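This report concerns only the one structure given below.
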Amino acid sequence: MLDKLDVARALREIGALLQFKGESPFKVRAYEKGSAAVEAISEDLGRLIEEERLTQVPGIGGSLASVITEMVQTGRSGLLEKLKAELPPGVLELSQVPGLSPKRIEALHDALGIQSVEELKEACLAGRVRGVKGFGAKTEQSLLEGIARMGTREERALLADALLVAEPLLAHLRACPAAAEAELAGEVRRFCETVLDAQLVVATDDPEAVLDHAARFPRVTRVQGRAAGRCDLHLAGDVRASVHAVPPAHYPSALLHLTGSEAHLGELAAVAEERGLELGPSGLWAVEGKKKRRTVPVESEEAIYAELGLDPVPPELREGDGEVEEARREGRAKRAPGAFDDLITLEDIQGMTHCHTVYSDGNDT
């Protein structure tokens with residue numbers, strides 16, 4: 001019997017193959033939504049099917065439920081097998097190469113039997129691709145350059161997709177008895193449009209218990225690595241996450257460092273040095289000699305900014321783009337109570353523009 005993650009992966013693959021074939025975007029999206037819905041199910045998938053409650057799950061309709069039921073009960077999907085039989089092997093992998101259309105992938109498969117990016121690279125290097133009708137030496141070189149870019153491209157996730165799994169993971173961590181505090185950090189907390197991964201910080205006196213608890217999060221597809229005070233996870237939806245378990249006394253500094261961009265942290269370090277302080281991931285210290293320093297107790301990020309003579313900088317602005325200078329208290333025109341009270345919030349939004357693109361029915365709007 002397939003488990004829910006196997007089913008979710010199969011549904012995503014069906015959606016991708018349908019998209020490759022040029023099927024309706026709505027049909028493709030139905031399988032993508034169905035995959036996410038299956039990943040989010042907390043109950044036993046087999047029991048939902050036995051009790052005929054699968055269609056009660058948001059995002060799963062009758063036709064999708066039939067596909068899921070077949071996979072759970074038989075361990076296979078007739079639809080997936082049919083799609084794979086209709087398309088050249090390796091189409092999803094090869095479709096990631098810039099410049100490779102479905103027709104070109106089919107031509108390469110028919111002429112050279114190419115089924116993977118590695119085989120394509122070898123054929124290009126050997127000069128065999130230029131001999132295929134519709135290809136030439138320039139195309140061959142362009143494909144090699146595209147493959148090289150693929151190797152260096154960061155796999156980033158949309159913020160909305162990352163939040164779908166990062167926020168439930170945060171709730172899961174906060175429910176751990178060993179966790180005193182927990183918060184999102186990194187690009188997710190800064191609300192960057194795309195994120196490399198989700199960073200989470202937990203204050204605890206028992207880091208191993210917290211990391212064990214993190215690894216048991218239902219949407220973890222695999223534990224990628226674990227070291228002292230840190231656990232790297234791969235989550236459903238191809239989102240990566242790192243959980244940092246730190247002593248409570250280090251929590252404010254750790255949260256600050258794991259949230260801010262490198263440029264923002266560099267500016268904070270410079271301000272600290274001006275004031276005879278040293279700021280690090282595990283604390284704030286007053287430098288009292290070449291080899292002597294005294295710990296400055298801080299209970300929050302706001303307290304750290306205060307020790308630096310700065311107004312607290314909202315996480316969304318910690319990019320090293322002039323916000324530290326704006327936060328300086330000395331010589332700044334009086335504005336009560338802080339420098340960042342004019343940020344746009346959800347409460348400021350009065351409405352939105354609704355429009356359709358030409359990918360659906362927007363030709364006449």
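Any Cβ shown, glycine's included, is placed from N, Cα and C.
As recorded in TrEMBL:
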COMPBIAS  316-330  compositional bias 'Basic and acidic residues'
DOMAIN    1-319  domain 'DNA-directed DNA polymerase X'
DOMAIN    52-71  domain 'Helix-hairpin-helix DNA-binding motif class 1'
DOMAIN    92-111  domain 'Helix-hairpin-helix DNA-binding motif class 1'
DOMAIN    127-146  domain 'Helix-hairpin-helix DNA-binding motif class 1'
REGION    315-334  region 'Disordered'
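For the compositional bias 'Basic and acidic residues' (316-330), the list of distant contacts is 190-191, 259-264, 266-268, 271, 305, 309-310, 339-340, 343: same-chain residues at least six beyond its ends, Cβ to Cβ under 8 Å. If one looks beyond the domain 'Helix-hairpin-helix DNA-binding motif class 1' (52-71) by at least 6 residues along the same chain, the residues whose Cβ comes under 8 Å of a Cβ in the stretch are 2, 6-7, 10-11, 14, 30-31, 33-34, 36-38, 41, 45, 77-79. When the domain 'Helix-hairpin-helix DNA-binding motif class 1' (52-71) is classified with DSSP, helix, strand and coil residues number 13 helix, 0 strand, 7 coil.
As a summary of secondary structure, the domain 'Helix-hairpin-helix DNA-binding motif class 1' (92-111) carries 13 helix, 0 strand, 7 coil according to DSSP. Same-chain residues lying 6+ beyond the ends of the domain 'Helix-hairpin-helix DNA-binding motif class 1' (92-111) with a Cβ under 8 Å from its Cβ atoms: 13, 16-17, 20-22, 117, 120, 123, 129, 131-135, 139, 142-143, 146-147, 149-150. For the domain 'Helix-hairpin-helix DNA-binding motif class 1' (127-146), the predicted model reports an average pLDDT of 93.
According to DSSP, the secondary structure content of the domain 'Helix-hairpin-helix DNA-binding motif class 1' (127-146) in residues is 13 helix, 0 strand, 7 coil.
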